[in-house]
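Enquirer: What follows is a structure written as structure tokens; I'll ask about it next.
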């Protein structure tokens, strides 16, 4: 040990480039899908970080529609986080197998509150919650001129000429019925009992977002962060009940006893849910998490733009080497890793994937988009969005202190491992993802990689020094117009 103390030399994104290779692959032909776990297939290898200025339901919905995955952060109470998951799961469906419903005796106020909370335009009405015989429907059109919201639903709901379809109706058949009768919602019934629902909005979304990442029921995929705090069991239970597809045990040091015990416990309690755990930066840490029960391991200690772990704690591994070392171990287990942090350009994404990552987790590249929950502010005439690390003082005060094993400390005693800042406003997530994936596709064309597995297995790197990095960026010219995929 002593003799080898300084033996390890590590590399990061700016130290390497991918070698171009003979190629018969065009960028538009590459396959960006990845089977992250048995239950999760993504159509792009991108996951939005579980940070309180990056991912809530709005970001997670948009990420899944683009083919990726959003991880809802945990800096909120358990009920609110479960609600955020439900918003994603109910945002669109092929067929809604467990639709919301109300009874005629409930008030119009309850119908209005339910529609407002989940942004839906109507609710089926059943005779009672046990028999669930379909008797009517109430929509936002029925509520437009109502002044007294305490009246019963039965006074305003549509009861006559109800259009229904049997269970098993396909989306194509449903679309014809919806158009024929000029309605937006088609209840699915079996012997009069409400069993499902198909809406015109869901059909339109299927056509608008054909690349969406969905579960077996046609609902958008979503993940949620949990930690190792005392309420973790209850939080995980509520998230699973809400329909979460992946639980993410999110800590600064995944190769620690408490985290490994939590991974083992959560996997034993919820074996059907994909378990992502981290963060680690060594093969040994990766092995320990897999053996504890993790399905996917998250790699990265200190590379993030808002992370100060490496300068505060003096610990970490430059990200390309960390990804490669952890991926080498992952291959032995036949499992996936996620490269989390340090990515500044689309070129860094393909480097992380070529080094062994199955997907990347992004924070700063997405924090400036319209869909992020960070506050918008104007500075020197330009729009920005607030972006902070989960190890920053503000985030720790809001609930992420257990991530850094400081849950028992008073706020004045916190030792932050992150900063708070701002990032330029970028517009829609869809445009950002388009540019990022365009860069990845271009890179795979250069390396001759038809899919991500070929990229991982066959792509080769060359090392470069500071002069090579300087040569890689625009030089000897003054940039006069911003590019949508480059700023330095």
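Glycine too: its Cβ is placed from the backbone N, Cα and C atoms.
From Swiss-Prot, for reference:
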type: ACT_SITE; residues: 307; note: active site, thioimidate intermediate
type: BINDING; residues: 250, 300, 301, 302; note: NAD(+) binding site
type: BINDING; residues: 302, 304, 307, 471, 472, 473; note: K(+) binding site
type: BINDING; residues: 305, 340, 341, 342, 363, 364, 387, 388, 389, 390, 391, 417; note: IMP binding site
type: DOMAIN; residues: 95-153; note: domain 'CBS 1'
type: DOMAIN; residues: 157-216; note: domain 'CBS 2'
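Mind mapping these onto the model and telling me what they sit next to?
Expert: Within the same chain, residues at least six positions away from residue 307 (active site, thioimidate intermediate) with a Cβ under 8 Å of its Cβ are 341, 389, 391, 417, 418.
Long-range C-beta contacts of residue 300 (NAD(+) binding site), restricted to its own chain and to partners at least six residues apart, with a cutoff below 8 Å, comprise 278, 279, 281, 319, 322, 339, 340, 341, 342, 361.
Taking the Cβ of residue 304 (K(+) binding site) as centre and 10 Å as the limit, one finds 25 other Cβ atoms among all the protein chains shown.
In the three-state DSSP scheme, residue 341 (IMP binding site) falls into the coil class. Neighbour density for residue 341 (IMP binding site): within 10 A of its CB lie 27 other CB atoms from the protein chains shown.
Mean model confidence of the domain 'CBS 1' (95-153) amounts to 90 (pLDDT, 0 to 100 scale).
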Enquirer: Closest to residue 471 (K(+) binding site): which of the binding-site residues 301, 302, 305, 363, 387, going by Cα position?
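Expert: Answer for the nearest of the binding-site residues: 305.
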Enquirer: Residue 387 (IMP binding site): which of the binding-site residues 250, 304, 472, 473 is the nearest Cα neighbour?
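Expert: For residue 387 (IMP binding site), the spatially nearest of the binding-site residues is 304.
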Enquirer: What does DSSP give as the helix, strand and coil breakdown of the domain 'CBS 1' (95-153)?
Expert: 16 helix, 16 strand, 27 coil
Enquirer: Per DSSP, what is the helix/strand/coil residue tally across the domain 'CBS 2' (157-216)?
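Expert: Across the domain 'CBS 2' (157-216), DSSP assigns the residues as follows: 20 helix, 17 strand, 23 coil.
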Enquirer: Counting only residues 6+ apart in the same chain, whose Cβ is under 8 Å from the Cβ of residue 472 (K(+) binding site)?
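Expert: When sequence neighbours closer than 6 are ignored, residue 472 (K(+) binding site) has 17, 464 within Cβ distance under 8 Å.
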